[in-house]
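According to Swiss-Prot:
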type	residues	note
ACT_SITE	D8	active site
ACT_SITE	E67	active site
ACT_SITE	D139	active site
BINDING	D8, D139	Mg(2+) 1 binding site
BINDING	E67	Mg(2+) 2 binding site
Amino acid sequence: MSIIIGIDPGSYVTGYGIIKSEKNTLKHIKSGSIFLKKHDFKKRLKIIYICIKNIINKFKPKYFVIEQIFFSKNPSSVLKLGQASCAATLAAINLDILIFEYASKKIKKILVGDGKAKKLQVKNKVCSILNLSKSIGIDTSDALAVAITHHYLINNKDKIF
């Protein structure tokens with residue numbers, strides 16, 4: 001049995017999702033989003049770090065899995081997204097958790113079968129797999145998608161995705 005925390009980093013909203021993985025079964029433990037809009041950027045990074053650290057301390061995951069930063073036409077946005085990702089990852093580093101990172105295309109390919117799938121398709125698949133209400137936010141479903149992807153990869157090492 002392993003607890004996996006998935007993170008969808010963002011400089012305004014960071015999603016998180018925690019699942020319990022046992023061989024071929026998954027159970028949703030907790031998920032949500034950290035909303036950061038009203039704070040200056042440095043304060044947002046601190047909030048991400050503290051919130052993720054507290055979540056990790058509470059649920060004691062074996063794996064920390066984060067969605068890879070993708071290239072954007074706006075260098076400033078990429079830099080801020082990278083810093084948000086680092087703030088979350090630093091919490092895992094400081095707590096000695098195994099860290100993995102997956103590209104969005106790989107997550108979509110594994111969950112939906114199409115690396116170019118739309119966010120709504122991913123959300124619907126996540127809700128189906130975990131028996132969740134479709135009212136969860138996109139950031140939350142993306143974070144759960146990262147965690148589910150890791151579950152599939154560690155339990156199907158012999159398969160090529």
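Cβ from N, Cα, C; glycine included.
Remember, it's a predicted structure, so these values are computed and weren't measured experimentally.
Listed in sequence order, T14, G15, Y16, I66, E67, D139, T140, D142, A143, A145, V146 are the same-chain residues six or more apart from D8 (active site) with CB atoms under 8 A from its CB.
Using a 10 Å Cβ-Cβ cutoff, E67 (active site) registers 24 neighbours.
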